[in-house]
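> Here it is: the structure, laid out below.
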Ligand SMILES: [Zn+2]
């Protein structure tokens, strides 16, 4: 692999940085797009597609929840079937080789854990878990999927375009008669995927875990993220304010552009395996 990749100067610099000390890594949608998971934003950081459902809509309207679950019944299996790519795998190997001191992700697909990364801080939650907002019961999304498919057999086999976060574009006509899932413990219809919706803050536990990782880290490496959300931009700013290096492997413009010490504009699924091999973590 080393012979067919000509490393840019910034990558050699990053490699030297990692030899000296293990880095903290922050990942975004760009690391999961090669696994077939669509991103909200393009390379220039511009959001495409319709605006995602807000927390307020989801909580405030039974019709909104019906729309969410119907679309999710079609979209979630594609996220469930997605597999980690060479970038996720390389990060797990780099962590095992102590080149990475911690991993924070904005992704909700669970692919880092599938690749073998441990103790991942999930800023925006995880799509494979569901929580009852009334009794607090935690469930696996796969259990809910089985219930959804049994109750809404008419939707099986419907083809729809996959949208970010396990969503799918589904014609309104399919929503009539859709039966949403109920909590098996308390019977509530307020089951919510364990992900942070638009209009909802990052939970304090994740914010604090991320902040304390930043305090301990000698440097931060951003992978596949434009850092457009404030929660992730804040982490970049925090590292920079401490006078510690901020590096990025990202193709296209970033909100934290002015704070970067070095940037590698190459696909992360090419750069990270190269780093893992070069640093003896292959
Ligand atoms: Zn409940």
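Cβ coordinates come from backbone N, Cα and C, glycine included.
Copied straight from TrEMBL:
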- 1-282: domain 'Deacetylase sirtuin-type' (DOMAIN)
- 124: active site, proton acceptor (ACT_SITE)
- 132, 135, 183, 186: Zn(2+) binding site (BINDING)
> So if I measure Cβ to Cβ from residue 186 (Zn(2+) binding site) and keep only same-chain residues at least 6 apart in sequence, which ones fall under 8 Å?
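Set apart from residue 186 (Zn(2+) binding site) by at least 6 residues yet with Cβ under 8 Å, we have 132, 134, 135, 137.
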> For the recorded positions 124, 132, 135, which sit with their CB under 6 angstroms from an atom of ligand 1?
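Listed by sequence, the hits are 132, 135.
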> Look at each of the binding-site residues, 132, 135, 183, and point out the one with the fewest other Cβ atoms around it within 10 Å.
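Counting other Cβ atoms within 10 Å of each of the binding-site residues 132, 135, 183, the minimum falls on 135.
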> To test your reading of the Zn(2+) site: which residues beyond 132, 135, 183, 186, same chain only, put their Cβ within 8 Å of the Cβ centroid of those residues?
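Those within range, site residues removed, are 133, 134, 136, 137, 184, 185, 187, 188, 190, 191.
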> May I ask which residues of the same chain, at least 6 positions away in sequence, place their Cβ under 8 angstroms from the Cβ of residue 124 (active site, proton acceptor)?
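Sequence-distant Cβ neighbours: 106, 107, 108, 195, 196, 202.
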> What mean pLDDT does the predicted model reach across the domain 'Deacetylase sirtuin-type' (1-282)?
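Mean per-residue confidence for the domain 'Deacetylase sirtuin-type' (1-282): 92 out of 100.
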> For residue 135 (Zn(2+) binding site), just give me the three-state DSSP call.
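Its secondary structure by DSSP: coil.
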